[in-house]
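Structure first, commentary second.
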Amino acid sequence: MSATQDYIVADIGLADFGRKEIAIAETEMPGLMACREEFGASKPLKGARITGSLHMTIQTAVLIETLVALGAEVRWASCNIFSTQDHAAAAIAASGVPVFAVKGETLEEYWTYTDKIFQWADGGVSNMILDDGGDATMYILLGARAEAGENILTNPGSEEEEILFAQIKKRLAATPGWFTRQRDAIKGVTEETTTGVNRLYQLQAKGLLPFPAINVNDSVTKSKFDNKYGCKESLVDGIRRGTDVMMAGKVAVVCGYGDVGKGSAASLSGAGARVKVTEVDPICALQAAMDGYEVVQLEDVVSSADIFITTTGNKDVIRIEHMRAMKDMAIVGNIGHFDNEIQVSALRNLKWTNVKPQVDLIEFPKGNRIILLSEGRLLNLGNATGHPSFVMSASFSNQVLAQIELFTKGEQYKNEVYVLPKQLDEKVARLHLAKLGAKLTELSEEQASYIGVKQQGPFKAEHYRY
């Protein structure tokens with residue numbers, strides 16, 4: 001990066017390729033294009049300085065350009081070291097938006113880039129965060145706590161935490177007071193995924209959330225579509241691109257049966273695999289059983305299954321003792337947000353053979369091998385290109401509406417975690433119906449009165465489960 005070049009991408013020469021794919025994606029993202037049409041003239045995000053930490057894909061490029069069209073200034077990094085699509089990053093950088101994202105970046109680079117998305121050229125600060133997984137939010141809040149004298153940077157629990165702490169210490173030394181200034185300027189954060197939402201609720205419970213947050217993940221048009229239908233298409237895509245293994249007839253184990261697990265099980269089942277599910281929640285376990293899947297304990301199938309996928313958002317779901325017992329050439333991957341669902345750190349002292357980017361063959365002392373995809377990180381983005389544009393349009397439309405809500409009405413919110421109101425959820429769904437040729441039935445005034453709703457909605461109570 002030169003002194004005048006405010007971006008870091010793999011190859012700026014890929015910008016034209018990226019621009020062509022962005023143009024195609026726009027035709028598949030009716031929600032975002034409708035947001036541009038509705039809000040483009042009024043520019044409700046004028047004055048917003050958005051720090052974005054979310055997978056730098058073609059679909060995210062359409063989101064970024066929608067935010068810019070609505071008046072925002074944006075700085076962007078990926079929220080995963082393997083998920084960037086380099087041509088997408090190049091196209092956004094070439095358009096003048098600062099982006100710091102390279103597929104296969106190191107952890108040190110990842111946290112450096114997270115720092116850079118808060119570094120505005122004029123020395124100013126961000127006033128909004130758009131997050132996926134919570135790393136950008138956590139970076140600022142941990143740094144501010146360290147500035148306040150809390151002893152929180154001394155005992156890292158992992159390699160990544162060690163690198164994160166080092167980056168925070170570097171910034172503390174270079175610019176004292178920087179984290180506190182950043183934190184105090186933030187009007188709000190909108191969070192994309194389950195893992196990041198869990199972090200926000202934990203902060204709220206401890207009284208450590210210093211600004212309002214909108215939980216985009218639990219909008220129905222995100223969790224029941226992106227998490228389920230997105231995974232249904234992208235999981236098998238990632239496994240196929242990574243391994244070229246035929247899934248028909250194979251035994252696949254899906255760890256977790258939440259929305260992501262449901263989509264993942266459907267993905268593998270649709271490819272012809274015989275799917276088994278592990279679950280800790282009796283309700284989800286019963287759902288899996290009644291959907292036709294055998295609900296098992298991992299220990300009972302670990303030596304016989306062919307494919308293992310984690311979807312839980314928890315840690316140590318597949319441990320070293322499980323992988324040691326797997327059959328030769330078992331495939332192991334994760335589609336939850338972070339890389340600690342699989343105990344990858346416990347594999348580091350074994351023999352690794354890199355087959356190709358994001359595909360590693362790991363050999364145990366007894367001679368059995370496993371194929372590990374994306375080093376235990378999101379395989380659908382590491383080994384493939386993530387969810388299709390159409391389903392991401394629904395998720396990202398929620399993000400745009402949430403950013404507008406907090407930026408324009410932030411003072412009306414307490415420092416708590418909120419979800420978007422039902423009418424906006426229904427609006428996002430409505431924006432995507434025409435693309436699929438779907439036509440809504442309309443209630444008569446008498447029918448609406450009979451069930452106690454307005455003719456144009458919302459049609460369900462807040463407690464309704466879709």
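All positions are counted from 1 along the displayed chain.
Cβ atoms are placed via backbone N, Cα and C, with glycine included.
Of the residues proposed, D115, D132, D135, the one Swiss-Prot records at the same substrate site as T57, E192, K222, D226 is D132. Rounded to a whole value, the Cα-Cα separation of D226 (substrate binding site) and V260 (NAD(+) binding site) is 9 Å. The least crowded of the binding-site residues D132, E192, D226, E279, judged by other CB atoms within 10 A of its own CB, is E279. Taking every pair among T57, D132, E192, K222, D226, the residues listed as contacting substrate, the largest Cα to Cα separation comes to 17 Å. For T193 (NAD(+) binding site), the nearest neighbour among the binding-site residues T57, D132, K222, judged by Cα separation, is D132. Not a single one of the binding-site residues G256, E279, I335 has a C-alpha within 10 angstroms of the C-alpha of D132 (substrate binding site). Other C-beta atoms found within 10 angstroms of the C-beta of V260 (NAD(+) binding site) number 28, with every protein chain shown included.
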